[in-house]
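All remarks here apply to the structure that follows.
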Amino acid sequence: MNAPVPGALTSSLLYLDGVSVSFDGFKAIRGLSLTIEPDEMRAIIGPNGAGKTTMMDIITGKTKPDVGTVMFGGTVDLTKLDEAAIANLGIGRKFQKPTVFDSHTIEDNILLALKSKRTVGKTLFWKTEEPQQKRIDDILGIIRLADRRDRLAGSLSHGQKQWLEIGMLLAQDPKLLLVDEPAAGMTDGETAQTAVLLKEIARDHSVIVVEHDMGFIRELGVKVTVLHEGSVLAEGPLDHVSANERVVEVYLGR
Amino acid sequence: MIARFLLQNMDRRAGIFLAILLALAVLVPAANLLLPASSPFHVPTSTLALWGKYLCYALLAVSLDLVWGYCGILSLGHGAFFALGGYAMGLYLMRQIGTRGVYGNPVLPDFMVFLNWQELPWYWWGFSSFPFAMLMVLLVPGLLAFVFGWFAFRSRVTGVYLSIITQALTYALLLAFFRNDMGFGGNNGLTDFKDILGFNVQAQATRAALFSMTCVMLAAGFLIARGIVVSKLGKVVIAVRDAESRTRFLGYRVDRFKLFVFTVSACMAGVAGALYVPQVGIINPSEFAPANSIETVIWVAVGGRGTLVGAALGAVVVNGAKTMFTSGFMAPYWLFALGGLFVVVTLFLPKGILGTAEALWRRRRKPETMPAAEPAPAE
């Protein structure tokens with residue numbers, strides 16, 4: 001899956017070039033270019049309004065860019081697809097505010113996310129087969145919620161909901177995971193565990209993490225992209241970008 | 001596969017409900033037909049007719065609960081699907097009158113003769129056949145729901161906007177069916193029915209059979225709705241209700257799931273209407289009145305949203321109360337009672353009668369577990 005596809009324009013998994021979008025005249029993204037390699041984990045930081053969430057909206061099909069190229073796997077133009085089609089291509093998204101299905105059990109949350117045919121007919125006559133059940137059990141183990149599987153997701157703490165949502169992403173088995181502020185509102189212990197979890201996932205998935213928490217990014221130890229006013233300000237290891245004067249000025253200094 | 005689908009995860013509540021319906025289907029007609037009028041267990045034909053009507057409403061309520069309670073689509077126009085099913089049945093019953101009408105025309109119903117129409121309009125063709133009419137009972141409401149839902153759900157119309165459009169839909173149909181030119185009897189509607197499948201609709205035995213049929217169809221409707229909501233599709237639909245965009249980002253085409261549930265529900269409402277018409281003996285445009293659809297929402301809310309059994313229970317309880325309040329000295333106060341009931345339920349029993357009873361029952365037994373489908377706050 002990681003070999004370059006024949007006929008591909010690029011070997012990158014995700015390729016954004018010259019992307020711009022504006023809402024009512026406000027340019028949320030201006031000329032953004034970014035590439036993510038297969039199995040790469042990338043951290044994205046930037047002050048509020050830098051366009052981090054809008055960038056995720058563009059990749060997942062929620063927002064259509066005014067101009068620019070968004071290619072997935074070298075051959076697929078994401079700007080022509082809707083949310084469901086993009087999700088089924090293998091792009092999973094975790095929201096900033098943990099969004100799980102509160103009135104479903106934890107196990108059912110994973111079941112709903114589990115990679116499978118999403119048609120009406122297939123879901124109506126669905127029967128969970130043994131390998132699928134095993135996969136659900138595995139994921140429940142990874143996110144440390146196996147003993148609570150029959151509890152309603154609404155009864156979980158904030159941190160546990162974040163993990164459940166990461167578990168749902170794992171169940172989707174996407175090629176690329178977009179994770180929006182996974183450590184927001186977590187205790188220090190939970191944050192550290194989340195970093196371990198994400199690093200585990202990044203071994204065989206590409207991951208984009210949007211995060212404000214500098215300590216968390218240091219723990220991830222990955223390449224960092226700094227966004228500012230809708231375009232890339234700096235890119236490189238954390239120590240390198242945090243030494244950049246412009247970055248300090250717009251973001252870290254505050 | 002169908003039996004497995006309908007009977008998967010059968011629980012006690014569903015079992016009890018089905019057992020009650022089966023008992024009603026057998027015992028009530030038996031008590032009506034076989035016992036002498038002097039027996040204390042005799043069921044008068046008027047009571048049988050009244051309860052037959054309640055059970056048609058119960059099926060309508062179950063169909064609404066499927067879309068509102070589980071999918072979060074607050075349809076304020078479900079009465080339209082009910083009435084269309086009723087009209088399809090009415091057309092069949094009109095064609096059975098034959099030469100026994102006032103004008104004795106073998107083909108044209110009385111109102112067409114009165115309007116000087118020379119021939120039967122094309123959309124009446126085929127309705128002299130019972131199987132064709134039954135097909136239309138499902139197809140007409142189903143097709144309308146499909147086309148309406150196709151546009152509404154694809155354009156992502158949700159919440160109160162969707163509710164308003166459904167309300168407009170039923171109101172538009174009300175106005176259309178009032179017109180004589182529509183060819184459905186104008187404001188008088190269709191009535192004066194004689195036979196159904198060769199049996200006199202007024203006969204006691206026919207009424208008893210219609211009652212049994214209503215019980216059976218309510219049970220069937222309930223089983224289908226339950227089969228849907230306990231399947232994985234049901235879980236998807238609840239997920240759509242609680243977090244629509246999350247479901248979309250998981251790769252589910254939300255509009256298709258909504259469309260499926262909405263269409264199934266409309267077919268079910270059509271069947272309820274078709275059973276209703278021969279039992280009350282008339283169908284007219286007032287069945288499209290927006291107030292009817294809103295009342296249906298109240299039944300479901302009172303009984304317990306997202307429980308199916310509760311919806312059926314709510315329909316019977318509210319209509320039982322309506323019968324009590326609209327006769328005798330309390331008659332002027334029915335609408336106050338209905339409004340009061342809705343306020344009380346919203347404030348004190350947000351989960352309805354069944355949801356509240358269940359919560360109490362569970363608290364007494366096991367404080368740990370929680371209901372599987374807890375409806376989100378009303379829209």
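Note: Cβ is positioned from N, Cα and C throughout, glycine not excepted.
If you look up TrEMBL, you'll see B:54-73, B:80-103, B:123-153, B:160-178, B:208-225, B:257-277, B:297-321, B:333-354 marked as transmembrane segment.
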Stretch of maximal Cβ-Cβ contact with the transmembrane segment (B:208-225) [cut-off: under 8 Å; candidates B:80-103, B:123-153, B:160-178, B:257-277, B:333-354]: B:257-277
Leading contact stretch, B:80-103, B:297-321, B:333-354 vs the transmembrane segment (B:257-277) - CB distance under 8 Å: B:80-103
Highest-contact recorded stretch vs the transmembrane segment (B:80-103), from B:54-73, B:123-153, B:160-178, B:297-321, B:333-354, CB pairs under 8 Å: B:123-153
Leading stretch by Cβ pairs under 8 Å, where the reference is the transmembrane segment (B:297-321) and the options are B:54-73, B:123-153, B:160-178, B:333-354: B:54-73
For the transmembrane segment (B:54-73), sequence-distant contacts whose Cβ falls under 8 Å of one of its Cβ atoms, 6 or more beyond its ends: 24, 79, 81-82, 162, 211, 214-215, 217-218, 221-222, 225, 228-229, 234, 237-238, 240-242, 244, 257-258, 261-262, 264-266, 268-269, 271-273, 275-276, 279, 296-297, 299-300, 303, 305-308, 310-316, 319-320, 373, 375-376, 379
